[in-house]
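Have a look at the structure below before the remarks.
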């Protein structure tokens with residue numbers, strides 16, 4: 001199973017968009033406190049639209065609480081622009097295994113000491129950093145979870161769907 005973990009998220013729109021992606025992909029969302037917004041924030045709810053009840057959300061009091069919760073197994077990946085390994089070069093194909101994709105705060109990322117401790121688990125999305133400091137958090141979460149799902153052959157997701165008012169028929 002795939003998991004997206006957000007360390008101290010600051011921007012409610014990002015968290016809401018990521019929640020919507022989690023609902024669409026059967027991905028568990030882990031939210032690590034403290035947040036830069038109120039969970040009841042109307043903008044957060046609007047960004048997630050009416051999918052909040054479809055998202056499996058796990059709340060953690062801090063980073064150590066999150067780490068304790070995954071200590072029993074699974075693979076942790078820290079997503080950072082400072083990583084050496086490209087996310088698409090990693091094997092996520094085992095869909096029986098828990099894959100935890102941990103994203104840092106939008107403004108400061110993950111704690112530096114923590115990243116050094118988990119250096120081998122760090123992955124990055126390639127980009128031209130001459131023009132841009134970073135990519136949008138919700139876009140990054142979406143790219144990485146869909147790469148994992150692609151390698152897992154999109155098991156559990158609809159590959160073909162017929163809509164009552166299909167605009168292509």
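In case you wondered, yes, glycine gets a Cβ from its N, Cα and C as well.
Here Swiss-Prot flags 79, 104, 125, 134 as S-adenosyl-L-methionine binding site, drawing on sequence analysis.
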**Request:** List, in sequence order, the residues of the same chain other than 79, 104, 125, 134 whose Cβ lies within 8 Å of the centroid of the Cβ atoms of the recorded S-adenosyl-L-methionine site.
**Result:** 80, 81, 103, 109, 124, 135, 137, 140
**Prompt:** If you run the three-state DSSP split on residue 79 (S-adenosyl-L-methionine binding site), which class comes out?
**Reply:** strand
**Request:** Would you mind ranking the binding-site residues 79, 125 by how many other Cβ atoms sit within 10 Å of each Cβ and giving me the lowest?
**Result:** 125
**Asked** Any idea of the Cα spread of the S-adenosyl-L-methionine site, 79, 104, 125, 134, as a max distance in Å?
**Response** 14
**Asked** Of all the binding-site residues given, 104, 134, which residue's CB has the most CB neighbours within 10 A?
**Response** 104
